[in-house]
Every structure is written in structure tokens, then in C-alpha cells.
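Asker: Attaching a single structure in C-alpha cells format; questions to follow.
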Amino acid sequence: CSAFPVSIFFIIINEFCERFSYYGMKAVLTLYLTYFLRWDENVATIVYHSFAALCYLTPLLGAIIADSWLGKFKTILYLSIVYTAGQAILSVGSVSELTDHNRDGLPDNSALHIALSMVGLVLIAIGTGGIKPCVSAFGGDQFEDDQEEQRSTFFSLFYVAINSGSFLSTLITPNLRASECGIHTKQRCYPLAFGVPAILMAVALVVFIIGSKMYKKVKPQGNVLLQVCKCVGFAIKNRFRHRSKEFPKREHWLDWASEKYDKRLIAQTKMVLKVLFLYIPLPMFWALFDQQGSRWTLQATAMNGDFIVNPVLIIIMVPVVDYVVYPLVKKCKINFTPLKKMTVGMFFASMAFVAAALVQVQIDKTYPVFPAAGQAQIRVINLGLIQGEVRFQPQLHTVELFRNEETGYMTFETSKLKSIDIISPMAETSLPLNLTAKERYTLIFEWKVSYIETHLILDNVTSKPKEGNNLVRFINNLGYTVNVTMDDMDFGVLPHLSVSNYSIVPATKVPYIIQASQTGSVSYCTGLSKKFGFGSAYTISLDKCNSTLDTVYFEDVAPNTVHMAWQIPQYFLLTCGEVMFSVTGVEFSYSQAPSNMKSVLQAGWLLTVAIGNIIVLIVAGASQLSKQWAEYVLFASLLLVVCVIFAIMAYFYTYIDPNEIEAQLSKEEKEEDKKDQDDDEKEDDSRM
């Protein structure tokens, strides 16, 4: 019986592919909801955490189906088919060409894409959640009772498969999304980012089916979770029936179930409920932890840089904490119990959100100020050879501009700013204004010997460019009509002093090639652009065309200046918190419960994750906080309060040894059986 079952390799490969599929899809989900479906950040956060909550509620359903009806094999098989279908539907829903009839790269019928995406996410949640409690247990079933060592090796390999799949997918799928694809118009490649996880899930399903003839399939034997629930329900109902003072009190309220359930089940349920009581404060940790995929992802889009840090930190921190930190603490003779570790983990997570709030404050400082209600912003650019004086009437402001100088955006009440006077040494002009509130304008002017030529342009930029992209447009100041291109982007034909529309330009580490071709002529000139960062907008003036093209840059929106590296402290703290809280929590739970009640505690643990995500839904939906940093501080404060409560609960907790208690129960059962046997023998003797 010492041979290693071949069947478990199919299970391990299946788990690797499934975890790649799930975490790969989840890594880009918030960005998809925000930038493809074009939902508000709060709505995207609510949908993301609703999906996460559903993923951790459905394991209860999966465990009941497997243990009470279909068995683990059929449950994994059928729900994997549902899972694969969900991934495929989500991938199809991300193809903009389904409804992009005008070929502008944007879906024309968003309702269809939303419907497909939501159906896909629900099916994925049912699939991934339903198989979650079954796969590891099904792997354990492949071993005989005397193969404890081989079973332990399997669970280690299973854990490696989980972490490898999630690690690789979190690195790969964001890069797949960042690539550009499309039939008519190139755009962020969500079909590829979702399609690869869908293919991996299909591979997981095929691999699982291939090994079907090798599996040891245990028949359903009833769900212990249902037994515990029935025992608790009967105890409450029976206690309510006997609430009168004429009935004597019992040592524990669960003892009211003794009329129907045996002592062993009642004693085991008492041990489980003792641990589950400690679970009450835990959802707050998950409320913060799971915001890595929502709020923190969106925070990163407003920063400068492009790298992934969290999966790397997890791989590094687990062995560091286990083999460096804990041994050092032990050498210092500090009694670092599991519950103390969990308390420290919660504190680290709270501090991670304080760090996130500090980063957010710095990000907010870089945001441009856009006009509020009743206001408009206007800037003036002098493209002429001679300086001019600009007066904002009636007598609001005066500024003098030299060639290729600008005023920067200035904010005015729309009801007060009536006109702009431009005065040069040779001429002057007055431009009446009727500005629209909450809009930005650019006024360009140039001296023309006897008059001043002016152009008032509506800028159409009232927020930071999304996804770290940049916006670029051109002004033709060359004196003749040109066609302007920048690499493969065509900005069209621009007459003198006309302005192109903004085009989206991705961040680049190398300059683009700008070319201005004179219409009706073979002559052209080229030049290199600046290296564009993240989240900026520029108006580029084509100034001179000699041997090379000279350009002047006017900054419409400043680029992101807070680097993503500043997120490392918050990820480091949260990862430390995860290692000390999550890993320790599972180990503690298993050490404090009977062997046949592990699934009940697993269900309770997963339920705390689901409730944590529901907490985020409530806060995101009800919060009246206008600043994101304030919401981070709110979550940090809530977890800090919960951390104190949990520390108090942990202080009064008494550790138990379930094996000792079960051994005592077995001894008592044997003594009772022997007593019953002796009583029966005495009764038989008396009859004789």
C-alpha cells in the first residue's frame, strides 16, 4: 500500500490550471468593469466584491451536493463544466466587435456585454466555489488509511499547485490585457486576458476527465455540516419548548439536544462552536484584504510605473516568517500563540491601509483642479512672434505673454468673465465670451501685421486620462497646411492654426516619430516626441520645419508623478498580515476541532471571507466620504477596533486537545456499553 496513486497527478494538474484560470481572470476584472463596461469606480468595486462574496458562499452548496447527493467526483465534473462555460461567456462578452457597428473600438450595445459578463461571472462563482471544498478532499480519498506520509506529500504538492497557478496568472494576464488587439480598432486585449484563463479551465476539465478511470470514488456518506446544523437547531427548539422554570437547567445549552443526538456529536459540536465564536470578528480582515483587487488596483492606475509586486511578496514572506521570524520570537521566549499571531496579522493589515491612505494623499496632490459648477477654465497661448498683453474683462486679470508662452489654466466664474482683450504693439482685438460651466478652453492667438488672429478651442478634457494612458493633440503653427502623424497614429490634415482632436497615446519608454507632410507637396519633416509617462495630456505645437521638426509642448494635464513603488509598503504589510492571519488561522482551527468536523470549520472560514466582501459592499454603497484616503482610514480604524476585540476574546480562550476529549468520550462510551451489558446480564440472571 506504499505506492503513490497515479490519479493524484491528474488532480494536481487540474488544480494548477483551475487556480490559474480563477486568479488570472480576477486580476483584470476590476479594470474590465471600469474601462470596458465603463462603470463608475464605486459600482465596479461593488460588483467585484459581490462576485468575490458569491465565490465564498457557494462552497457550502458544493460541499452539501458532494456529501449528500452526487459524490465528490461528479460534483467536480459537473461544476467544472459550468465553470468553463462561465469563463468562455465572459471572454465572448469582452469582444467589442460583437456590437461595434461603427468600428470605433467601443461597444455600441453595452447591455449585451453587461448581460454576458454578469452571466459569466455568476457561472464562474458557482463553479469555482462549488468545487473548492471537493478537490482537496477528493485527492485525500485516493490514499489508503496506512498512507499518511503519501497523503501529507500530496497536500504539500497541492498547495504548491495552488500558489504556482495564482502566481503565474497574476503575472501573465495583466500583460495580456495591456497588449492591443481588435479586428477594426486596436484596444486593450480583454478577450485574450479572459480567453487564456478560459482555455486553462477547459484544460483542467479535460485532464480531470482523462484520469476518471483511475480515481477511487467514495460514495456520499452524508454531510456533517447538515448534522451539526440540525443538532444546533434541535437544541434551540427544545430549549425554547422547555423554557419554564419547572425544567432543571442543563450545563450547556447544546445539552438540550441529548434527547435526539448522541453525546459524541454534541461534544464535537460544542468544540466547533467554540472556534466559530472566535470567527465573528474575522470578516473585517477579509474586508481589507480583498480590496487588493479593487481599490488598490484602481489606485495603481493613477500612479507612475508598471510592475506587479504582491505575488512575489507572498512567495518570499511565507518562508521568511516561518523560518526566520517565528524562530527568533521563540528564542526570545515569547509565548507567541496562534491567536496572538492572528491578532498581530490583523494589526499589520490595519497599518497597510494607513500606508495606502498616505499614498493616496500624495496621489490626490497631483490631480489637476477642474472647474466646479458655475465655473470654467481658460488658458491663453501666444503662438506669434511678438509678445502680447492679455486682459480678462471686466478687469479680472492681466498677463503678458511672449512667443510660445501660456497662461496656464485659470478659473473664472462664467457669469463674470465677459471678454478677453489681446493687445500687441501693432494691433489689438477683443473676443466676447460665453463659456459653458465645468468646461476647459484654450485660446490661441498670433499677430498678423495689421490684426490678431484668434481661435477659441473647447478642450473636452475634464478628468485624468484613464488606465495610465495619455492624450495628445497638435496645433499647426507652420504657416501652411500639413498632414500630421505620430508613428501609426494619424491626426489628420491641419490648416494653419487649426487643432486636431485628442488621441489616446500609451505610455512609452522610447519616443514616437512625429511627421508633418505638406499637402500638395512631397516635402515633409520629422522629429522625435518626448517620452510620455502615465496619465498626462499635451497640446503639441508644430513650430518650425527646417531639416527637422521643432515642437513646443503645452501641458494640459500633468503626468502621474507618484511611483507605483510607493505601494510596496502597503503590500508588504498586508502580505505579512496574510501570512500571520490566514495560514495561522487555518492551522489553529484544525487543531481545535475533531477530525470529522474539519469541513464544518472550512465552511465557517470561507463564510468569513464572503461576509468580509459583503462589508465592502455596504461601506462602498453607503459611504459619503468624497476622498478615497478617508475611506482607507475608515477601514483601518474599523479593523483596529476589531483587532482589540479579538485580542480580548483570544485572552479568555482556553486551548483544548480534541484528541484527548474524543479519547475520553470513547472511554465513557465503552464504560456505558459495559454497564449496559452488565445490567442486561443481571436482568437475565434475575429472570432465571
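One is the number of the first residue shown, and numbering goes on along the chain from there.
From the backbone N, Cα and C atoms, a Cβ is placed for every residue, glycine too.
Okay, these came from TrEMBL:
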{"type": "TRANSMEM", "residues": "20-37", "note": "transmembrane segment"}
{"type": "TRANSMEM", "residues": "43-64", "note": "transmembrane segment"}
{"type": "TRANSMEM", "residues": "76-96", "note": "transmembrane segment"}
{"type": "TRANSMEM", "residues": "111-131", "note": "transmembrane segment"}
{"type": "TRANSMEM", "residues": "152-172", "note": "transmembrane segment"}
{"type": "TRANSMEM", "residues": "192-211", "note": "transmembrane segment"}
{"type": "TRANSMEM", "residues": "271-288", "note": "transmembrane segment"}
{"type": "TRANSMEM", "residues": "308-329", "note": "transmembrane segment"}
{"type": "TRANSMEM", "residues": "341-361", "note": "transmembrane segment"}
{"type": "TRANSMEM", "residues": "600-620", "note": "transmembrane segment"}
{"type": "TRANSMEM", "residues": "632-656", "note": "transmembrane segment"}
{"type": "REGION", "residues": "666-688", "note": "region 'Disordered'"}
{"type": "COMPBIAS", "residues": "666-677", "note": "compositional bias 'Basic and acidic residues'"}
{"type": "COMPBIAS", "residues": "678-688", "note": "compositional bias 'Acidic residues'"}
Asker: With CB pairs under 8 Å as the measure, which of the listed stretches 20-37, 111-131, 341-361, 600-620 comes out on top against the transmembrane segment (152-172)?
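Answerer: Out of the listed stretches, 20-37 contacts the transmembrane segment (152-172) most.
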Asker: Sort out the residues at least 6 away from either end of the transmembrane segment (76-96), same chain, that have Cβ-Cβ distances under 8 Å to it, and list them.
Answerer: 18, 21, 25, 32, 36, 62, 66, 70, 105-107, 112-117, 119-128, 130-131, 134-135, 138, 182, 187, 190-191, 193-195, 197-198, 201-202, 204-205, 208-209, 212
Asker: Would you kindly check 20-37, 111-131, 192-211, 341-361, 632-656 and say which stretch has the most C-beta pairs under 8 angstroms to the transmembrane segment (43-64)?
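Answerer: Top-ranked stretch among 20-37, 111-131, 192-211, 341-361, 632-656: 111-131.
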Asker: May I ask for the residues of the chain that lie six or more residues beyond the transmembrane segment (341-361) and have a Cβ under 8 Å from a Cβ within it?
Answerer: 284-285, 288-289, 295-296, 299, 562, 566-567, 569-574, 576-582, 584-585, 588, 627-630, 632-633, 635-637, 639-640, 642-643, 646-647, 650
Asker: Please report, as numbers and ranges, the same-chain residues at least 6 past the borders of the transmembrane segment (111-131) whose CB is under 8 Å from any CB of it.
Answerer: 18, 22, 25, 32-33, 36-37, 47, 51, 54-59, 61-62, 65, 75-76, 79-80, 82-94, 96, 98-99
Asker: Please figure out which one of 20-37, 600-620, 632-656 racks up the most CB pairs under 8 Å against the transmembrane segment (271-288).
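Answerer: Between the stretches 20-37, 600-620, 632-656, 600-620 has the largest tally.
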Asker: Tell me whether the transmembrane segment (192-211) sits in contact with the transmembrane segment (20-37), defined here as at least 3 Cβ pairs under 8 Å among residues 6 or more apart in sequence.
Answerer: yes
Asker: For the transmembrane segment (20-37), find every same-chain residue at least 6 residues outside the stretch whose CB is under 8 Å from a CB in it, and list them.
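Answerer: Distant Cβ neighbours of the transmembrane segment (20-37) are 43-45, 47-48, 51-52, 83, 87, 90, 94, 96, 107, 110, 113-114, 117, 124, 128, 165-166, 168-170, 172-174, 177, 188, 190, 193-194, 196-198, 200-201, 204, 293-294, 297-298, 301, 466-467.
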